[in-house]
Structures are given as C-alpha cells and as structure tokens.
C-alpha cells in the first residue's frame, strides 16, 4: 500500500497502532489496534463523529482496552527478538478503504474511509462487538459524516483541517449573545447604523471599522450581534450569523505549503455556501495582508478579494488608523472593496454612560459594589492623566483594576485581625518558654501573660466571627447578583422563543424576588458598615489610588501627613535655599495650587525663570523641590542647555527625524517626561542654548504638551519647569537693598532679558524671579548647611564634629566671594576642612568614637581631637 495515497492522519494512526501493539506485548498488529489509534487521536475526526452520535468516548476506550488485553501476549527474550507483524486483516482494511475513497471520489485515503472499511470487514470480530455494544451503526456513522464533511472532497493530505472550518477557526458571536456572555454595548448607535447601511448594499457590502486602539471597534460588532438577536435590524439582516474569524488559529500549525490556503478556502467556501447568511468578522483585518505568504504562495488578502468584489463574502473588518494606512491603503484593490466607518473616541460623558452600562457585570464578577462617583472619577481622571491611551478602554481598565484590588483585600485577612493573630502566636511562644522557668518573676510574668493571652483570644474569636459573617454577606450578595444576571438572560431567551409563561415566571416571580433579597442583604451590610472589617465598595479614592500607581501623579485625596508636608513646603525650601524668599514662595504656591486642584489644566504646574549671579541657589532650589515632592532627586529631569548651542541639537530633545541614527530611541526630554509625567524639569543656563530651542518651549509652556519625532504627544501638564540663567547678574550684584531688588536694577535686568529672548517666549513664563547676592547672614546659614553634610558623612564613621564660631568666621571670610556666590565656599570646605580631617583620620589621630574639633587660630583652620 502506497503511503503517499494516505492522509497524514491515517499514516499517524498506523504508527500509533504499531506502538499500541508493542505496549500490550502483542506480536500481531490487528484491526483492534488501528481502531484504538483512531479513537485516541487528539482532535481527530472519528472521536468527533462518535461524540456527535452520542457515544460515551471514555466507555468506548475502556471496551477497546479490554479487547486488546485479551489478545495473545509474548513476553521475555522471544518478544524482543521477534518484531510486530501486521495481520492479513489490516491489509484487507486498507485495500477496502482505498475502494471506499474512490466511491467518495476522494484523492486520498482518509480516516473515515478506514473506519468504514473496519465496520464492513470486522463485523463479527472484536471491533464489531465493541460497535454493537456502543450502538454504533454504519448508517448512523455515514449520516453524521455527511453533516461534518458536507460537500468537501479529500483533495489533500490533511482534509480534517477543512471540515467544520468555521467551528474550528471562528467564534459565533450570535451564540455568545444568546448565552449572555458578551458585555452590553452602550451608545455607538451612529456607527452601528452606518455599518448596517453598508451591509445592506448589493456590492462592496463590507464595512471596515477604523479607530484608535481601545475606542470600541470590536464592541460595535458585538452591539450589531445584540441587535440581530433582538431583531432590531432591517429585514435583510435578520437571522444573520456573525462569525469572528481567529487568524491566529487559521495560521497555527499550517506546516506545509498550501495548508493555510486550504483552510482559508474551506472557511470561505462555508461562508459562500451559506448564501449571505454568515457575516465574517475579522478583527485586526490588516493581518490578512501578507498572512500565509511564502515563496510563490498567495496571501489571505488576495484569496478573499474576488469574493469581496462579487458580494459573495459579507466581511466586517476592524483595524487602527496606523495599520490601515500601512497595510490596507497600500493595496488599492483591497482598499476599494471595503467601506470605512470611522470610530471616534467617545467623550467623557459618553464614557460615563458606557461604564454605567458595564457596572453590573463588574460588580458580579468581582463580588463588590461600585459607586457612581467611582465611575465618574474613572472617566474624568483617565481622560486627564492617562494621555497615551483612549477612552473608554482606559476608564474600563481603571474600574476593573479597582474592583480586583477590593476583591483581593476581601479575600485576604483584615490587617487588624492579622495583627492580633501574630501577637497571639508571639505570646504563646513566650508562654511556652516561661512555663519551663521556676523563679517567682517568671511565674508572675506567666500569670500576666496568660491573662493578656485570654483577652486577645476573646478578641480574636469575636473578630473572626465578625469577619466570617461579613465575608459570607459579601459572597451571598455576589451569588444573588450572578443568579439575577442569569435570570435576566433567561428571560431574554424565552422572550425570543415566545415562551410567555416562563417569561412571566421570571419577570414577575424570580427576578423581583432576587432583587428584594439583594436589597435586604445590602441593607443589613449597611447597618454594620460603620465598624466593618472588610471594605466592599469601589469609591473615588480607589480610582485615584490606581491612577497614582499607574502614572506617579498624586491624584489621591490629601491625607493629614501630606497636608502638613505641603503647608510646610515653603519653610522646607527656605531651610536649604538661603536668602531667596521670593523664589521659594512662588514655587511653593504653584505646587499648593496644583495639589488642591485649582491650577489651569492645560498648562504645566508652574514655569519659572530664575535669574541671578552664579552660586546663589538657583539650581539648588530645583533639587530641593524635587527632594521634598518625591523624597529623592531622581525625579528631576536636568538638561544642561550648554549642550544645545547648535541649531541641530534641538532634535536631541524630541528625537531625530526618521532615517537618522537614534530615531528609535526618541528624545532626551520627551522620553524622560513620558516615563515620569510628574517631575521637576530643570533647564540649566538657558542663555547658552541656540535660539531655535526656545521655539519648542512655546507649546510646552502654553499647552503643556510637546509632539516627539514619532508624532506622539507628550504631556507636560504635571511638570514644574524651572529655567536658570545668569543674564543680568552684573546688575544684580550691584543691588544694595537688603530686603528685595531695587526697581532700576529689576528694569535693567528685564531689558537685557528682552534683548536675548523673544517676547512670545517671555510672555508664556509664569514668573521671572531674580535672586539676590548672598548677604553675610545668609553665608553663615549656608556654612551650617555645608558643615551638616560633612557631619553626616563623619557620623557614618562614628566621629562627632564640633565647630567653633571663630572657625565659621574664617570659613565665611576665606570662602565667600560675592561674584561667585556659595560655590567657592563649598570648594574651600572641601579643599581645606575635609582634607585636614582626612589627614588626621589616616594618621590615626581621629578615630571611631572620637570628637573632631574645628577651630580658628591666626586666620587658619585647625583640626584636632577633642
């Protein structure tokens, strides 16, 4: 028998039959082994047909095992030396199968031919006995085979892949709607109406839904399926079936050339033979362009074009704008066969309606309650803070994650109860240890401990009962809601079937009863809600918390500790940045306005230009602000503008254009802000940058956004922008006023600024703040700050630092220069003071646990051990 004439499944079953014979120590390969191999084939046609005939497959497999077990076995050396030989009956079956394949007008011997041959040849044998026992007849087998195969012919070595192709590679959306498994679709009426109009055309009746990811393209098709089930569609679309095609399943496992095309042709043939009853929905339709394309083979797009043009294939596609442009528009012949339906992102108000429609499904799934305030917050906050995704998807994700968070808290032990149980465990361990001691103190402690343990045990029992009761209440409500949802689904089903008795039973009996029970359960929970251990509601706070986790932007309501921190922000800034009260006040006020929710939503939190001589605290203020807001300086995006002196350096901020090296990496500024949307951005020494760089700043300062080299919008609305400059520092050094900046000096500085920067740039900045030169009082405070840093480093070595007033005076005289600010002071402390201390430590004069005394003698700094 020529193996090339057999399908792959028949060849596989013969190999499996041989292995079964070896496993059971049979010397002969007989029909029963081949029958066993066919029945045990994974996703095989024979077990599929038997299941459709109502045969219990497990029972059938047991009967086969019993029959094979009865066959003669050869054990020991004789079994190893002699191989397994095929019986004459096996060859008879294969010859008969070949004859049957010719009767069926098939090109290959397939598994159904082999099965029919076995039924004929082994009527009185082991296989015949099993078939009779399980009520499997030839006529019954042929009847189901015709249903499965239809008019298909075996023209390839893998024909099973083409039988019931739509069931294998598609999902029936109409059935899912009937089974109440799809989420309700709210709104989108205009898009659904447009899709219905296109589907009702004579030719080119193929809508393609185009929209951004997450705007609800697939939901529109599900909404259409819902309408078809309800009968809320034109006459031409009633009783249509929507099948969602799974391109992944269609391609997966197609090893040989032509196998993919064969499967797709089988799908298209089924759609065609339905005579317009089936609407084929291909999600991510751009995948058909190039799908299955190998050397010389046609891709899926070219295979469906002729049917689309003739109107034989009703197809609904869905894809994004980018993919439509990249794949579909390039293929003009494919593009003209589809009619685009643009799906816009819904507004915040529409999103709220969509979420209200989905609310009940999420409540049932998570077993919790969702407040309406949470729904409104999810729509508003996601729209405001999550810029790179689209409504309603991002808002739905927020609700889902908040529900999951509350659910996981319900399923885990409440914190109060957990603390008590851990304490009981600790005290029991201590009790065990004390019970072995005999002294009076231990006995007294044991009595006190037993009393404390008894109290805790009572408290634990009381709280455990309360916890179990609350949990059972929540579970009961969840089960009742699931039951109510199921009852509503059944009511819809019976309404479609016009079974009015059952509809009345459900609508006026079961459903009101379940609603009453849910209300009762929720009322009893409300009563105990004040001191409840478990929280079972999603509120605005949970949504804010998740937004904060996703973006790093503080959206949550202010807790007491944070209120204090914000109110003390100005004070904290002044502790590090000495003598610049105007600057610290302006920055602190901007942050407070933003955190209270009163800032302009379209602009950054604040944008400032700090002017002043070098070393007066301009950059230090930005660092201190970052440290206070984020507890670290990591959230400061520092860009030294001296690196942007050339015109072409602008591309480094937003990323180079396509075709240039580094295009994929993006820009230094845009990528940093995309990763950390809530940060302080410091543009240091802005006067050093090229004029063209400031053109970028205009849209950042005005609209709080910037478009990078890939066309993506980066959101700057939650950043604080600080620019520093030394422009006008010559005038500022002449300032003699101790309190503020003199008017004529301020005017001179502003005139110089206007000469250097364009008016449209200066006009968009919130505040231009001038820093005064440091006073002698300020220098003393700065010395204390610098010495505190040295002290902290020495503390790590367990060395204490003491500095006399004379030493501080010398540091102020030697280290301070009005032109250079505090930087020379820092250098002086580093070069003189730290060096002297280091020498003493190396020499062993100052060691761990000692006190280093810093004194001033004859205008010099002296370091000694106290």
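Placement of Cβ uses the backbone N, Cα and C atoms for every residue, glycine included.
For 211, 212, 213, 214, 215, 216, 217, 218, the entry in Swiss-Prot reads ATP 1 binding site, with the evidence type similarity to another entry. In sequence order, 185, 188, 343, 346, 354, 392, 393 constitute the residues six or more apart from residue 216 (ATP 1 binding site) in its chain with CB-CB distances below 8 Å. In this structure, residue 216 (ATP 1 binding site) belongs to neither helix nor strand by DSSP; it is coil.
The feature ATP 2 binding site is assigned by Swiss-Prot to 612, 613, 614, 615, 616, 617, 618, 619. The number of other CB atoms found within 10 A of the CB of residue 619 (ATP 2 binding site), across every protein chain shown, is 19. In this structure, residue 619 (ATP 2 binding site) is part of a helix by DSSP.
For 396-530, the entry in Swiss-Prot reads coiled coil, with the evidence type similarity to another entry.
For 3-151, the entry in Swiss-Prot reads domain 'Clp R', with the evidence type sequence analysis. Per DSSP, the domain 'Clp R' (3-151) is made up of 102 helix, 8 strand, 39 coil.
Sequence annotations record features per position, and here Swiss-Prot assigns region 'Repeat 1' to 6-71 based on sequence analysis.
Here Swiss-Prot flags 86-151 as region 'Repeat 2'.
Here Swiss-Prot flags 164-345 as region 'NBD1', drawing on similarity to another entry.
Per Swiss-Prot, region 'Linker' is recorded for 346-552. For the region 'Linker' (346-552), the model's pLDDT averages out at 79.
Positions annotated as region 'NBD2' by Swiss-Prot: 562-773.
Residues annotated as region 'C-terminal' in Swiss-Prot: 774-866.
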(message) So, taking each listed stretch (6-71, 346-552, 774-866) in turn and counting its Cβ pairs to the region 'Repeat 2' (86-151) that are under 8 angstroms, which one gives the highest count?
(response) 6-71
(request) Sort the residues of the region 'C-terminal' (774-866) into helix, strand and coil with DSSP and give the three counts. (result) 52 helix, 19 strand, 22 coil
(request) Identify, in sequence order, the residues in the chain of residue 217 (ATP 1 binding site) that are 6 or more apart from it along the sequence and have a CB within less than 8 Å of its CB; answer 'none' if there are none. (result) 209, 210, 211, 283, 318, 319, 343
(message) To the nearest Å, how far is the Cα of residue 612 (ATP 2 binding site) from the Cα of residue 215 (ATP 1 binding site)?
(response) 50
(message) Return the residues near residue 213 (ATP 1 binding site) by Cβ distance under 8 Å, restricted to its own chain and a separation of at least 6 in sequence.
(response) 320, 389, 390, 393
(request) Determine the Cβ neighbour count for residue 616 (ATP 2 binding site): the number of other Cβ atoms within 10 Å of its Cβ. (result) 31
(request) Express the distance between the Cα positions of residue 617 (ATP 2 binding site) and residue 212 (ATP 1 binding site) as a whole number of Å. (result) 46
(message) Between C-alpha atoms, which of these binding-site residues comes nearest to residue 214 (ATP 1 binding site): 613, 615, 618?
(response) 618
